[in-house]
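> Dropping a structure here in structure tokens format, bear with me for questions.
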Amino acid sequence: MLYWLSEILHINILGYITIRAGIAFFLALFFTLFLMPRFIRWAQSTSSHQPINEWAPQRHQGKAKTPTMGGIVFIFATILASLISIKFSNLYAVGAVLTLIFFSIIGFKDDIAKIKKNENLAGLKAKTKLILQTTFALIISIFLYTLSDFNTSLYVPFLKNPLFDMGIFAIFFWVIVIIATSNAVNLTDGLDGLATVPSITALASFSIIIYITGNVTMSSYLLMPNINIGEVAIVSSALIGALSGFLWYNCHPAEVFMGDSGSLTIGAFLGYLAIISKSEILLLLIGSIFVIETLSVILQVGSYKLRKKRVFLMAPIHHHFEMKNWAENKIIVRFWIIATLSNVIALITLKIR
């Protein structure tokens with residue numbers, strides 16, 4: 001809408017991606033801050049609370065009455081702010097919005113199932129969830145594959161030229177990236193604000209990378225591929241704004257949890273951003289906390305099945321530190337620090353080619 005107004009009313013400033021990204025940020029922030037307290041009151045009145053896993057550390061039992069599914073609010077705020085701000089002729093931006101819609105549907109269904117049965121493990125069956133994730137990820141990947149100006153090459157940090165062209169196999173690789181990142185963020189969302197800030201730092205990094213990739217001069221200077229994805233930085237900025245508003249209520253002690261509605265959607269969106277910006281490998285550094293949390297689960301399960309011994313006191317790894325009697329705030333802030341430093345390093349690698 002804003003881009004349309006810039007052309008109709010000749011308001012040139014609204015044609016700039018940076019201006020519309022800033023507007024989208026504040027719109028999403030405002031929508032979230034306005035809607036979230038109302039959602040919290042509604043969730044409390046309808047007992048839409050977070051079911052606590054019986055195996056979780058004892059301190060988690062005090063969170064049993066905390067409303068969940070807050071992700072629906074900030075994802076809605078993001079989509080609304082994006083629709084107001086993006087240029088609809090840019091298919092990459094449209095794809096970004098569709099990614100948010102698709103995976104929020106999965107998360108919503110999962111949250112509703114848990115709330116109805118009042119059981120943390122009673123959400124969608126793992127097989128059902130994987131089928132839905134694969135279906136939506138496949139739709140998004142095929143959509144990208146059909147775009148004429150989007151290549152299927154794999155880029156790695158420090159190299160100015162692509163490693164190789166994946167061809168049609170890129171579709172399957174992208175599906176894995178989206179699903180893996182979606183589930184990784186979901187695993188991380190176990191403490192107040194733990195997944196929120198690393199998501200914000202990752203989104204900020206991708207916003208910068210996407211803006212550079214979409215700019216001919218800047219991408220040429222940094223020896224990066226030039227793809228017309230600049231508009232997606234607007235959607236990413238909107239989600240940063242929405243998450244900033246959500247953090248106001250999600251910081252310790254949390255008044256609301258994002259639920260799978262938020263975590264699965266954020267993860268899938270980060271995967272989408274990594275794919276379109278040709279940063280699939282760099283995603284491992286940008287999303288370092290999500291990678292660490294996921295690896296801890298893989299190691300724990302693998303070790304127990306092979307050796308009947310556990311590597312950690314409990315997985316994901318943030319629970320391990322809880323079992324070692326670390327204060328929740330200490331775990332959260334230290335993970336935030338790691339996430340921030342990882343993203344700074346990731347951005348530095350852009351100059352080293």
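For all residues, glycine too, the Cβ spot is worked out from N, Cα and C.
Sharing the feature lines straight out of Swiss-Prot:
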| type | residues | note |
| --- | --- | --- |
| TRANSMEM | 13-33 | transmembrane segment |
| TRANSMEM | 66-86 | transmembrane segment |
| TRANSMEM | 88-108 | transmembrane segment |
| TRANSMEM | 130-150 | transmembrane segment |
| TRANSMEM | 162-182 | transmembrane segment |
| TRANSMEM | 193-213 | transmembrane segment |
| TRANSMEM | 229-249 | transmembrane segment |
| TRANSMEM | 256-276 | transmembrane segment |
| TRANSMEM | 281-301 | transmembrane segment |
| TRANSMEM | 330-350 | transmembrane segment |
> Same-chain Cβ contacts of the transmembrane segment (281-301) under 8 Å, 6 or more residues past its ends?
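For the transmembrane segment (281-301), the far contacts come to 154-157, 177, 180-181, 183-185, 187-188, 195, 198, 202, 205-206, 209, 267, 270-271, 274, 310-312, 315-318, 320, 335, 338-339, 342-343, 345-346, 349.
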> Among 130-150, 193-213, 229-249, 256-276, 330-350, which stretch has the most Cβ pairs under 8 Å to the transmembrane segment (13-33)?
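When the Cβ pairs under 8 Å are tallied, 229-249 comes out ahead.
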> Looking at the transmembrane segment (130-150) and the transmembrane segment (193-213), are there 3+ C-beta pairs under 8 A, with each pair at least 6 apart in sequence?
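By the criterion, they do not touch.
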> Who are the long-range neighbours of the transmembrane segment (162-182) in its own chain, taking Cβ under 8 Å and residues 6 or more past its ends?
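Here the qualifying positions are 99, 103, 130, 133-134, 137-138, 140-142, 144-145, 151-156, 225, 264-265, 267-268, 270-272, 274-275, 278, 280, 283, 287, 290, 294.
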> Examine the transmembrane segment (256-276) against the transmembrane segment (330-350) and state whether at least 3 Cβ pairs sit under 8 A, considering only residue pairs 6 or more apart.
no
> Using a Cβ distance cut-off of under 8 Å, indicate which of 66-86, 88-108, 193-213, 229-249 has the most pairs with the transmembrane segment (330-350).
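So the stretch in question is 193-213.
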> Would you kindly list the residues that approach the transmembrane segment (88-108) from elsewhere in its chain, counting only those six or more residues past its ends and only Cβ-Cβ distances under 8 Å?
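Residues 3, 69, 71-72, 75, 78-79, 82, 124, 129, 132-133, 136, 139-140, 143-144, 147, 178, 182, 227-229, 231-232, 234-236, 239, 259-265, 267-269, 272-273, 276 contact the transmembrane segment (88-108) from elsewhere in the chain.
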